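Undergrad: Structure below; questions to follow.
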Amino acid sequence: MNPAHLLILSAVCVSLLGAANVPPQHLNLYQFKNMIVCAGTRPWIGYVNYGCYCGAGGSGTPVDELDRCCYVHDNCYGEAEKIPGCNPKTKTYSYTCTKPNLTCTDAAGTCARIVCDCDRTAAICFAAAPYNINNFMISSSTHCQ
């Protein structure tokens with residue numbers, strides 16, 4: 001093997017070994033998904049690209065009641081982000097599920113409790129709102145201005 005290639009391969013291996021020691025960020029999205037499943041009867045995946053606000057980002061006016069649930073959830077996360085050190089997308093929390101009831105169990109006023117309450121409220125809202133298949137995967141450039 002060419003010595004230059006061997007040197008590059010060694011550097012890549014060392015970098016990968018170093019990266020293996022970095023703990024992964026725990027995303028609360030898994031917990032949010034489980035809350036959605038607990039509170040409702042629809043598959044959680046149907047909310048990923050729904051309307052203008054369900055999924056990453058959001059703009060314009062929510063297209064319906066379900067999309068408004070996502071809009072409110074986005075704003076709730078925005079409020080949580082105002083707490084120093086609180087990242088709602090990575091903050092894990094404690095809760096119980098006795099289908100369809102959800103209970104957040106972290107101490108009131110903590111980042112974890114606030115994020116849990118955001119997710120709980122959204123999951124309950126999703127379960128109550130009608131689902132319009134025509135608003136799944138809509139064009140944001142056309143419908144969300």
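Note that Cβ sites are derived from N, Cα and C of the backbone, with glycine treated the same way.
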Undergrad: Suppose a student reads Swiss-Prot and sees Tyr53, Gly55, Gly57 listed for Ca(2+). Which of Asp74, Asp106 should they find annotated at that same site?
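TA: Ca(2+) site check in Swiss-Prot: besides Tyr53, Gly55, Gly57, the record includes Asp74 out of Asp74, Asp106.
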Undergrad: Just confirming the record: what cysteine out of Cys38, Cys52, Cys54 does Swiss-Prot connect to Cys144 via a disulfide?
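TA: Swiss-Prot annotates a disulfide bond between Cys144 and Cys52.
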Undergrad: Could you pull the disulfide partner of Cys76 out of Cys38, Cys116, Cys118, going by Swiss-Prot?
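TA: Disulfide mapping in Swiss-Prot sends Cys76 to Cys118.
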Undergrad: I'd like the Cβ neighbour count for Cys54 (disulfide bond), meaning other Cβ atoms within 10 Å of its Cβ, all protein chains included.
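TA: The answer is 24 other Cβ atoms.
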Undergrad: Just checking the recorded positions Cys69, Cys70, Cys104, Cys111, Cys116, Asp119: which sit within 10 A of Gly55 (Ca(2+) binding site), CA to CA?
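TA: Near Gly55 (Ca(2+) binding site), where near means Cα within 10 Å, the recorded positions are Cys70.
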Undergrad: Could you check the recorded positions Asp74, Asp119 and say which one's CB has the fewest neighbouring CB atoms inside 10 Å?
TA: Asp74
Undergrad: Given Cys76 (disulfide bond) and Asp119 (active site), what distance in Å do their CA atoms have, once rounded to a whole number?
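TA: The Cα atom of Cys76 (disulfide bond) is 9 Å away from the Cα atom of Asp119 (active site).
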Undergrad: Of Cys38, Cys104, Cys118, Cys125, which disulfide-bonded residues come within 10 Å of Tyr53 (Ca(2+) binding site), going by C-alpha to C-alpha distance?
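TA: Checking each Cα against Tyr53 (Ca(2+) binding site), there are no hits.
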